[in-house]
Every structure is written in C-alpha cells, then in structure tokens.
Amino acid sequence: MLLQAAKCIGAGLATIGLAGAGAGIGTVFGSLVLGISRNPKLKDELFKMAILGFALTEAIALFALMIAFLILFAL
C-alpha cells in the first residue's frame, strides 16, 4: 500500500516536466509570430527553426511522460 502511494507521488512529480514543455511550445510559436511580424521575408526560415524547436521541446515532454509510466508500471 505504501509502495503504491510512493509510485503515484513519483509519477505525479515526473509529470511536472509536461507543464514546462507546454510553456516551451508556447514560447517557440510566440517567438515565431513575433519574428514573422518583424521580418516577413524570413517566414520560411523561421518556420523551419520553429518546427525544430517544437520537436525538441516535445521530445522533453515525451521523456517526462515515459518516466512517469515507467514509475507506475515497471517498478
């Protein structure tokens, strides 16, 4: 019973990284909008960089989610 409670607390703490990833994705696309509004000619280049930033930020979120599932189901 105590082990199950510890697993739930650990998994909950591991999902805190998901909130950070959500903020990071918002920052990436907010910066994309600002960059395009300042220099519309660079739209294609800025969009490529934004997609790369999105992918890297989303990878961090997936790692956090994977750790939470490992804590819940593998230990």
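Just so it is clear, glycine is given a Cβ too, placed from its N, Cα and C backbone atoms.
Annotation source TrEMBL lists domain 'V-ATPase proteolipid subunit C-like' at 9-71. For 12-37, 49-74, the entry in TrEMBL reads transmembrane segment.
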Checklist line | Positions on the same chain near the transmembrane segment (12-37), where near means CB under 8 A and six or more residues out | finding: 43, 46-47, 50, 53-54, 57-58, 60-61, 63-65, 67-68, 71
Notebook entry, point to check: Per-residue pLDDT averaged over the domain 'V-ATPase proteolipid subunit C-like' (9-71) comes to what?
Noted result: 93
Next item on the list: By DSSP assignment, list the helix, strand and coil residue numbers for the domain 'V-ATPase proteolipid subunit C-like' (9-71), in that order.
Entry: 61 helix, 0 strand, 2 coil
